[in-house]
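Chemist: According to TrEMBL, the transmembrane segment annotation covers 29-51, 214-233, 239-263, 289-308, 314-335, 342-365, 385-416, 538-559, 565-587.
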Amino acid sequence: MGCCSSASSAAQSSKREWKPLEDRSCTDIPWLLLFILFCIGMGFICGFSVATGAAARLVSGYDSYGNICGQKNAKLEAIPNSGMDHTQRKYVFFLDPCNLDLINRKIKSVALCVTACPRQELKTLSDVQKFAEMNGSALCSYNLKPSEYTTSSKASVLCPKLPVPASAPIPFFHRCAPVNISCYAKFAEALITFVSDNSVLHRLISGVMTSKEIILGLCLLSLVLSMILMVIIRYISRVLVWILTILVILGSLGGTGVLWWLYAKQRRSPKETVIPEQLQIAEDNLRALLIYAISATVFTVILFLIMLVMRKRVALTIALFHVAGKVFIHLPLLVFQPFWTFFALVLFWAYWIMTLLFLGTAGSAVQNEQGFVEFRVSGPLQYMWWYHVVGLIWISEFILACQQMTVAGAVVTYYFTRDKRNLPFTPILASVNRLIRYHLGTVAKGSFIITLVKIPRMILMYMHSQLKGKENACARCVLKSCICCLWCLEKCLNYLNQNAYTATAINSTNFCTSAKDAFVILVENALRVAAINTVGDFMLFLGKVLIVCSTGLAGIMLLNYQQDYTVWVLPLIIVCLFAFLVAHCFLSIYEMVVDVLFLCFAIDTKYNDGSPGREFYMDKVLMEFVENSRKAMREAGKGGVADARELKPMIK
């Protein structure tokens, strides 16, 4: 189980020869059983919340006295107004929907079950009384009859706050929500802590709402561009590196030039006839353009310097991209892998959020200080929240690890099949089959290790956000350093896990053995990792930059037509972040393929020398790549003895 083993077993492992795809056996079975038990615990939490009535309280809603709307209720001991028949009252109505508890992030108002939500604004108690008489929906407390709304002295306390905003029921959840959500502005301002000026926040939100069609269109554009780039990678991999380099140069220069041009144009535009509100928006846009232009200039300069340093190594990446392109030609379903992973994550996140909502209404009825009912979980069950949060991280990482193992298994099958005509009909499905039959335990163990690192980092980030402005400079520095170290550790473990999954897909060994073997191979090929793998990742990064720049440039041109009444900052940031996320999801698959090919290639050159019985698995293109890389290294003055010794198995 553990990653530590005796010296004798380590020696045997070092002498063991790799036998790709020959033997299959189940790996890390105890970890699979542990993961299954953990998932059963997650199911128990969901079942408990549903069994305790939380599902009905969540969907139908309940009033401040513990009565579930739309049904008959049992009497709760020592709680007035409980046990009422609300069969006809199916909607939850809040007397003061804008009274928000910013700390607990909930509505702090008396809730009643009503027959119908007020569709129009009610300005006086007379309007509230007429609404009750015409619709049979009493909006005041149960103790007050509709005929007493305008005569009782308690009406100001027992009736809703005036004016009563127009509201509509939320689909499936039977809550009356104000049609105009402006009263929730303070709630949004409390959540968005980086905006200190409330007027700025209002303008940002209005800019997003005004440009929502453009934002959706640009997000769709980024998705289309990512798919197009994946198709291009498959068929023109030999010239793709140069195309990306030229396009990124032109895109960076063009985007920077357009930003400076727009800044100069708006700065020279007359502002005498502009109304004050539009003047403020224009100033915000001008300031944002200046920041964008300076940032784009700095980014372009840094990008040029990096490309200048790495220009002699670009040729080494071309052959590797060509081999990866051939993988995508033989395994076309790899392009759609992000969709299945995203779909699985969305399904799990939807289940997790629904269970979280169930937990929010689970437990026993307890009377609070105001005399109203709250549902609280007591005893050991109150810690189910923490279990549920850990489940979010572990199972999400498990799904992502399944994607890595699936891609690794498919690429390994491609690489170590000498005759490509003998490939399975769908190597992706064959890889999924092997994952489910043999290696779910390995995936569970690898994802758990990432979870162990991610949870402390998230706790420290939460502490840092809560102590913001309260801690001293030393404590702030220590917290940020710990967060940074844990982030770096997480990235290193992610990379090692991915190579461990590849080793497991090759030799069907458990996680610790695979991680150790992969680590040894990577250390022995450190020069290749630095010279080939890093350059490949950089070129894929250029592809992401190209998609973001193209989407951002299109966004600038489209938003330029709304510059008089829309603040650009937030819509453009949303579009660029989404474009980068989409590009990263698609190109990360290509990055995985390159990493898996590199590890397979390193294993192939270590354990095979081309002699009878130990023939290479690699194709001619990859052999030419090795020879070309050796020549390029020698021409650069780096083809020393170590390099010659490393490439010696390739010489026939």
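Using the three backbone atoms N, Cα and C, a Cβ is placed for every residue, glycine included.
Note: TrEMBL annotation is automatic and uncurated.
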Chemist: Which listed stretch (29-51, 239-263, 289-308, 538-559) has the most C-beta pairs under 8 A with the transmembrane segment (342-365)?
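Modeler: Against the transmembrane segment (342-365), the leading stretch is 29-51.
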Chemist: Top stretch among 29-51, 214-233, 239-263, 538-559 for CB pairs under 8 A with the transmembrane segment (289-308)?
Modeler: 239-263
Chemist: Determine which residues of the chain contact the transmembrane segment (239-263) at the Cβ level, with the cut-off under 8 Å and only residues 6 or more beyond its ends counted.
Modeler: 232-233, 286, 289-290, 292-293, 296-297, 299-300, 303-304, 307, 314, 317-318, 321, 325, 539, 542-543, 545-546, 549-550, 552-553, 556-557, 560
Chemist: With Cβ-Cβ distances below 8 Å as the criterion, list the same-chain residues six or more beyond the ends of the transmembrane segment (538-559) that contact it, or say none.
Modeler: 211, 214, 217-218, 221-222, 225-226, 229, 241, 244-245, 247-248, 251-252, 254-255, 258-259, 262, 303, 306, 310, 314, 317, 321, 566, 568, 571-572, 575-576, 579-580, 582-584, 587, 590-591, 594
Chemist: Looking only at residues six or more beyond either end of the transmembrane segment (214-233), which have a C-beta under 8 A from one in the stretch?
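Modeler: For the transmembrane segment (214-233), the nonlocal Cβ contacts are 208, 240, 243, 321, 324-325, 328, 335, 543, 546-548, 550-551, 554-555, 558-559, 562, 571, 574-575, 578-579, 582-583, 585-587, 589-590.
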